[in-house]
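So the structure is just underneath, and the comments pick up after that.
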Amino acid sequence: MENYNQTSTDFILLGFFPPSRIGLFLFILIVFIFLMALIGNLSMILLIFLDTHLHTPMYFLLSQLSLIDLNYISTIVPKMASDFLSGNKSISFTGCGIQSFFFSALGGAEALLLASMAYDRYIAICFPLHYPIRMSKRMCVLMITGSWIIGSINACAHTVYVLHIPYCQSRAINHFFCDVPAMVTLACMDTWVYEGTVFLSTTIFLVFPFIAISCSYGRVLLAVYHMKSAEGRKKAYLTCSTHLTVVTFYYAPFVYTYLRPRSLRSPTEDKVLAVFYTTLTPMLNPIIYSLRNKEVMGALTRVSQRICSGKM
């Protein structure tokens, strides 16, 4: 029996799990994915921190991606699981605002960080002699800090808006987290101006970075094609294909969800797509980056040997 215990300012998250065996199966699957994401991303962060061979700009950026993914999935899944287990789907007005802020901030930061990672590979392959200068430690810190700051400013603007608009009597959000577009549908006012702002924000944080990434890899693939070393060509192709896989998994569902007009959107479809970028992508990223990556596997072997020999 579901217990909402709703006050006048609470929201209700209708959730993702149906009240059936299918819902229980999906719950177990999501929790498993969550645990895999925690283990994978924590392992990647520790591995890059502990092994000096991975103290390069590429892996420094990768460690930040794992940190974002770790926080990203932790913002969504614990509340999602708690609602299913307790049957209490209510979330306070403030709690909804906090969840919405962190989701938007982390999502924006990750989109910009993926563009920074593409720039790193572009410089490494197309301008190898300039790489130590263009991708210095200071530049990496600026990229990461900039991603967090810009993502947070964007999230703050969206969160302040949804916390100050008047809501109708129904406060049931047809989603499993406080997604801003899902909250806006409950507003007792015309929100077409804001929907245009969401479109613009999505274009800035997703479309423009994706175009930049595509252009970077176009140049990279051209440079790789002219490489004389077969081994170097293979390594470059592997690195680029890995990053492009991650970019596709992250950007595609986001763009499809947020660039469509409200009239063409389905709450059920939005929730299914949201599972991809809130749970599956954070779980898959460390697997994709470590699979067939000799440097990561070599670092894992070295760190494991140090742990076993007690030299940590």
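Cβ from N, Cα, C; glycine included.
According to DSSP, C188 (disulfide bond) sits in a coil region rather than a helix or strand. The annotation disulfide bond is assigned in Swiss-Prot to C96-C188.
Annotation comment: Swiss-Prot describes N5 (among others) as N-linked glycosylation site.
All protein chains considered, the CB of N88 (N-linked glycosylation site) has 15 other CB atoms within 10 Å. Taken residue by residue with DSSP, N88 (N-linked glycosylation site) is part of neither helix nor strand, so it is coil. Per Swiss-Prot, the feature N-linked glycosylation site maps to N88 (among others); the stated evidence is sequence analysis.
As annotated by Swiss-Prot, topological domain 'Extracellular' applies to 1-24 (among others), with the evidence given as sequence analysis.
Remote same-chain partners of the topological domain 'Cytoplasmic' (49-56), defined as residues 6 or more beyond its termini with a Cβ less than 8 Å from a stretch Cβ, comprise 63, 295-296, 298-299, 302-303, 306, 312. The topological domain 'Cytoplasmic' annotation in Swiss-Prot covers 49-56 (among others).
Among the features that Swiss-Prot reports, topological domain 'Extracellular' is placed at 79-99 (among others).
Here the topological domain 'Cytoplasmic' (120-138) has Cβ contacts under 8 Å with residues 57-58, 60-61, 216-217, 219-220, 223-224, 236, 239-240, 243 of the same chain, all six or more residues outside its ends. Here Swiss-Prot flags 120-138 (among others) as topological domain 'Cytoplasmic', drawing on sequence analysis.
The feature topological domain 'Extracellular' is assigned by Swiss-Prot to 158-194 (among others), with sequence analysis given as support. Across the residues of the topological domain 'Extracellular' (158-194), the predicted structure has a mean pLDDT of 87.
Per Swiss-Prot, topological domain 'Cytoplasmic' is recorded for 219-235 (among others), and the stated evidence type is sequence analysis.
The feature topological domain 'Extracellular' is assigned by Swiss-Prot to 259-271 (among others), with sequence analysis given as support. Residue counts for the topological domain 'Extracellular' (259-271) under DSSP, split into helix (H, G, I), strand (E, B) and coil, are 8 helix, 0 strand, 5 coil.
If you look up Swiss-Prot, you'll see 292-312 (among others) marked as topological domain 'Cytoplasmic'.
Same-chain residues lying 6 or more positions outside the transmembrane segment (25-48) and placing a CB less than 8 Å from one of its CB atoms are 16-18, 54-55, 59-60, 62-63, 66-67, 69-70, 73-74, 77-78, 80-81, 84, 275, 279-280, 282-283, 285-287, 289-290, 296, 299-300, 303. Residues annotated as transmembrane segment in Swiss-Prot: 25-48 (among others).
If you look up Swiss-Prot, you'll see 57-78 (among others) marked as transmembrane segment, on the strength of sequence analysis. Beyond its flanks by at least six residues, the transmembrane segment (57-78) meets 30-31, 34, 37-38, 40-42, 44-45, 48-49, 99, 102-103, 106-107, 109-110, 113-114, 116-117, 120-121, 124, 135, 137, 139-140, 143-144, 176-177, 239, 278-279, 281-283, 285-286, 289, 295 of its own chain at Cβ-Cβ distances under 8 Å.
The transmembrane segment feature in Swiss-Prot is assigned to 100-119 (among others); the stated evidence is sequence analysis.
Per Swiss-Prot, transmembrane segment is recorded for 139-157 (among others), and the stated evidence type is sequence analysis.
The transmembrane segment feature in Swiss-Prot is assigned to 195-218 (among others); the stated evidence is sequence analysis.
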Position of peak Cβ density within 10 Å, selected from the disulfide-bonded residues C96, C188: C96
Length of the line joining the Cα atoms of N88 (N-linked glycosylation site) and C96 (disulfide bond), in Å: 14
Distal contacts, the transmembrane segment (272-291) - CB-CB under 8 A, six or more residues away: 16, 30, 33-34, 36-37, 40-41, 43-44, 62, 65-66, 69-70, 72-73, 76-77, 103, 107, 175-177, 179, 242, 245-246, 249-250, 253-254, 256-257, 297, 300
